[in-house]
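A.B. asks: The structure's right below; bear with me while I get my questions together.
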Amino acid sequence: MGIQGGSVLFGLLLVLAVFCHSGHSLQCYNCPNPTTDCKTAINCSSGFDTCLIARAGLQVYNQCWKFANCNFNDISTLLKESELQYFCCKKDLCNFNEQLENGGTSLSEKTVVLLVTLLLAAAWCLHP
């Protein structure tokens, strides 16, 4: 494949990446006070790209979160809890109690589709 074919492939991958971006804000369950059964859904503000559910003993926190802060140290510091389980996800209303119990998943379907597309494109480029 020549330079022109590589440019076309890059352009197609760029278009795919743009279309994979949903264009709407993420919806998460969000309860200002810890509860065991949060049913309040909100549209997350700009910059909050992840839903969080965290459990510290009997306290369960559901809220919009920043993926960059989805680690034990940041979560425990911001929630002021020293021991907790947590789960971050990037799909609408994905932060419900069963996610902590089942272990959940961390990759969205869009992410998987994009990764598979990139792998297939790379394999196609490397094929003689």
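Placement of Cβ uses the backbone N, Cα and C atoms for every residue, glycine included.
Summarising the annotation, Swiss-Prot assigns domain 'UPAR/Ly6' to 26-108. Summarising the annotation, Swiss-Prot assigns N-linked glycosylation site to ASN43 and lists sequence analysis as the type of evidence. What Swiss-Prot records for ASN102 is GPI-anchor amidated asparagine. The signal peptide annotation in Swiss-Prot covers 1-25.
Map these features onto the structure and tell me what's around them.
C.D. replies: Averaged across the domain 'UPAR/Ly6' (26-108), the predicted model reaches a pLDDT of 89.
Listed in sequence order, HIS24, SER25, LEU26, GLN27 are the same-chain residues at least 6 apart in sequence whose CB falls under 8 Å from the CB of ASN43 (N-linked glycosylation site). In the three-state DSSP scheme, ASN43 (N-linked glycosylation site) falls into the strand class.
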A.B. asks: I'd like the per-state residue tally for the domain 'UPAR/Ly6' (26-108) from DSSP, helix first, then strand, then coil.
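C.D. replies: Each residue of the domain 'UPAR/Ly6' (26-108) counted once, the result is 17 helix, 25 strand, 41 coil.
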